[in-house]
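*Asks:* Structure provided below as structure tokens; questions to follow.
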């Protein structure tokens, strides 16, 4: 046996890539300095993997922003509006991801979507009628050569052609089949060039194979690979899958003339059963046995049992997916050893792979014994009172009365808001001063009184500014919060927090997911203090801002000893207490964000309700089911594809929902109309994940497009997400344009 990984974290042990890239974005360093720093980081990572004893090391898993974007640029899948910009190649690359607004033009960023069922986001490629697919880039070759110069012959990694086409937007009238042949030809050129450079093997990632496949999609996949594999240019080809099993195409996949196939034995419910039916003797099986998405130690006995049952003769032990989705290393953490021993971040998972390989070769008895002893321990006790509360829940606990239509009338009279009410999603820019002051308080360098005075000043300034700009429903800005999940987790039992557990979410944006260690209950009121203070500074309604139970669960590293359903319901009871406290404090509009609702939705439609929505939607309803009819409940959802779960979202029984719509050209509105969506809606009228400032006319045009699909009585005007990561000047300029556009639209009603 040998060992490998599908991919390694890119941003660095201390987020080096983030900080150097942001310097480049601020024009503080030239392009050459950014590229050199990235080169140094890649070398460091390759050497870490090599020194850990991993026998096959990937390359081209690094990205300056996103690996799907990298593939699009490699094959010249670049919209004409960006191609025509007189910018460097790197500037065009970032323009696709972030938009561009300057002397040389004004283009919007490409849409972002969730990467399958993770909190990573990819930039959606776009193929237009004039797109000429060809080999245009050189990143994959440069990085292979870099590693080779270090004495490391790597296995280059590239998004496979089928998945790349599946993730691409096509101009009207075009389909993937129109471009399959030209894309296959370009991949063939990649094979040829890599072979010339001395590569022995290439990894083509095809995670789209774990989804439901139509007959047409299967035919396209087979057409692509039968052509591509007809001339491999001397390379060995590994088709790598992850995030599930390949039940729809296992027979056809294993019949292809590939050299190796990577299968997920962690999330792939049927992978073991599929392999048990037989695996070709002339192929190598890359067995994804170490969880690439969670941070708990691998149970060696269980993994060895799975490996022992595999009938394949040639097996490589690997991770279930790229290690992009876990933090870098536990070496920088400060947990007690009794806690830390239960965790394995990316670097530690390399050791787990090596241990499993050694044990299989009869050389890892010490490691196996230590692992058995770890799993023999009772890690954490259970909360009996909490278990009783959960057991006592009935249908009425998940039902809010009166029904939506009656509440809508009551709230309209009570709140007395104008048509097209304006609001924001919750957070305002967290400047360097905000972050440094919070850090000083956490370190004990300033007193609680000093910190509170600072937060009050920030809140006062932004409440006053919102009144000045004439927003209808205000927010307090969340200056006291570091992260929308961690802030709540710090006030809940059962949570642990890493010091340096950063994971890439999109571009240079990192998140630090907390760890659910035990049973979850609320320790004390969390948000009432600052929501009440903000409300005392204005006569306009100020939204209470909460993170919903499903999102808290999905943006944490969950337990593996109980179901995620049970953990989510525990969190729901805790957040319910907070909702009722806010209501008692006089907060009349309470937003319960479910930004990550879709994230753990199974990739196969047949599992959507039974495995997820049947408990995730009730968990949200449990949180707000007992508030008064005149308390308005909002929710917010981030970048995801919602069009196919519209009825489930309506069934959340919120009064208002806001969501991303601007980057995706408001396509969700047609589905809302078709499904007779009842909840009031705030489709984001501009994209906050790009630094460009939308013009008033641009926002006005978006508002008119919304009003063409949604009754004016049900429309709210807001950005598409929180503003914490944006600059203050661009934020204020954009929001002023938003309110101006909304007022202009009202006059036309």
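Keep in mind that glycine also has a Cβ here, set from the backbone N, Cα and C atoms.
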*Asks:* If Swiss-Prot gives 425, 426, 427, 593 as binding L-homocysteine, which of 373, 478, 641 does it give for that site as well?
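*Replies:* Answer, per Swiss-Prot (L-homocysteine site with 425, 426, 427, 593), from 373, 478, 641: 478.
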*Asks:* Need a hand: Swiss-Prot gives 636, 638, 721 for Zn(2+), which of 611, 660, 698 is also on that list?
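*Replies:* Matched candidate out of 611, 660, 698, per Swiss-Prot for Zn(2+) with 636, 638, 721: 660.
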*Asks:* From the candidates 56, 594, 599, give the one listed by Swiss-Prot for the same 5-methyltetrahydropteroyltri-L-glutamate site as 15, 16, 17, 18, 114, 555.
*Replies:* 599
*Asks:* Which one is it: of the binding-site residues 18, 721, which Cβ has the fewest other Cβ atoms within 10 Å in this structure?
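*Replies:* Each of the binding-site residues 18, 721 was scored; lowest Cβ tally within 10 Å is 18.
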*Asks:* Looking at the recorded positions 15, 689, which one has the fewest other Cβ atoms within 10 Å of its own Cβ?
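*Replies:* Counting other Cβ atoms within 10 Å of each of the recorded positions 15, 689 gives the minimum at 15.
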*Asks:* Looking only at Cβ atoms, how many others are within 10 Å of the one on residue 427 (L-methionine binding site)?
*Replies:* 21
*Asks:* Are there recorded positions among 16, 599, 689 that sit within 10 Å of residue 721 (Zn(2+) binding site), Cα to Cα? If so, list them; otherwise say none.
*Replies:* 689
